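A.B. asks: Summarising the annotation, TrEMBL assigns compositional bias 'Polar residues' to 386-400. Taken from TrEMBL, the feature region 'Disordered' covers 377-400. Feature annotation from TrEMBL assigns transmembrane segment to 12-34, 54-76, 83-103, 109-132, 144-164, 212-231, 260-283, 341-363.
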Amino acid sequence: MSTLTKIMRKPITSAIVAIFVGLLVASIILVVAGYDPISSFEALISGMVGKPKYISNVIIKATPLLFTGIAVAFAFRVGLFNIGAEGQYIVGTILAVIVGYSLDLPPVLQIPVVVLVGTAGGAGIGAIIGWLKAQFGINEVITSIMFNWISLFLCNFVVSLPQFHQPNSTSSYPINESGYTTLFYGMKNSEDGAEAIRNIPVIGDAIMRTDANIGIVVAIIAAFFIGWLLMRTKVGYEMRAVGFNRDAAQFTGINVKKNLTLCMAISGALCGLAGALTITGIAPHSIATLAAFENNGFNGLSVAFIANCNPVACIPASFLFAGLLYGGQTVQQVVGAPSEIINIVIGTIVFFMALGGVIPMLADHLDHKRAQKAKEEEAKLAAQVSDASDPSQEEANNAH
């Protein structure tokens, strides 16, 4: 194995090459569309990290993507494709609003109750999908897609109910303030508190002007926990065994049906948790009538596959994806490119990021070709040595 192929096999190499190729193709698209790619990428980076406020908004946007990315990655490692992350996320928001508006407990109780109920809702949907797969062999892609639509229309139904519908709007009432997880929410509403927040070095203005909340901390903990669960526990070993080969896992005594159901329940719980923390942490702390999906779950699919379905790697992947989404708004404002162009650029970069696994495959091909060439040269050398050591062959050659 050469130094080059060793470098090519490193995950960071695949990511760097994929980003470079993605940016190159995106540049061509921008040039064809009549926009300056250098100015566009400068605006993109500025929109991602140009101010503390921008960084805070990227983190906020990355939080649900990280949760749903982990959920999809976890299910995929067990051999399941949870395309229903969007619906499970929506169910988490619905139940969080219902409970958060109906109850007004002290914050120490209100927040855990709201978050746990939303998490349980997502877990319940996931468990149903997993159970149908385990018991009847019903494809989880079909059932999860159907639950996406059920969740969307359930959201619209709940918003329309008189006890939850906010008059003269298309949204529900917000949850009670005792359920908010926004950082320093109480201080923001007082003059002295707001002034104290603004005086915090570097990040004070960002905290004051954004919905910075505890969600990202929970999401990062969840990423490491799921990574540990998969790689360091008996439960994770059994789940990975089911993902590799269900028949072999069944033969060794692993309860395949239980693991399929449990896997989808955990995956759904992560999505429900994302939805609940969105409601508690981000204004307006309510749900609204949905004309289409918000894509917090579907974008989680991209995050998972950019990270090669590694839960911990979903952390940088979610920040990258959220940065592209948020920074793209600045490109529209500065360069004047329409949203369609920005979405094409984002899609191109993500596409080549997802193809990062091609680099290690290319390294394997190069190693195989090099080994094959070495064998041919070795065989040729052996033949020459054999000819040189055979006197009769040498006499025959001299006779000719």
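Please read every residue number as a count from 1 along the shown chain.
Glycine is treated like the rest: Cβ placed from N, Cα and C.
Automatic prediction, not curation, is the source of TrEMBL annotations.
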A.B. asks: Taking the transmembrane segment (54-76) as the first stretch and the transmembrane segment (212-231) as the second, find out whether 3 or more Cβ pairs fall under 8 Å, excluding pairs closer than 6 in sequence.
C.D. replies: yes
A.B. asks: Are there residues at least 6 beyond the ends of the transmembrane segment (109-132) whose Cβ is under 8 Å from a Cβ of it, and what are they?
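C.D. replies: Tertiary neighbours of the transmembrane segment (109-132) are 80, 82, 84, 87-89, 91-96, 99-100, 103, 138, 140, 143-144, 147, 151, 175-176, 178-181, 260-277, 279-280.
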A.B. asks: Mind checking which residues reach the transmembrane segment (144-164)? Cβ under 8 Å, same chain, six or more beyond either end.
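C.D. replies: For the transmembrane segment (144-164), the nonlocal Cβ contacts are 82-84, 86-88, 90-91, 93-94, 97-98, 101, 125, 128-129, 170-173, 287-290, 293, 297.
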A.B. asks: Using Cβ atoms and a strict cutoff of less than 8 Å, what residues sit near the transmembrane segment (212-231) while being 6 or more residues removed from its termini?
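C.D. replies: For the transmembrane segment (212-231), the far contacts come to 56, 59-60, 62-64, 66-67, 70, 73-74, 77, 181-183, 206, 239-240, 266, 270, 273-274, 277-278, 280-282, 310-312, 314-315, 318.
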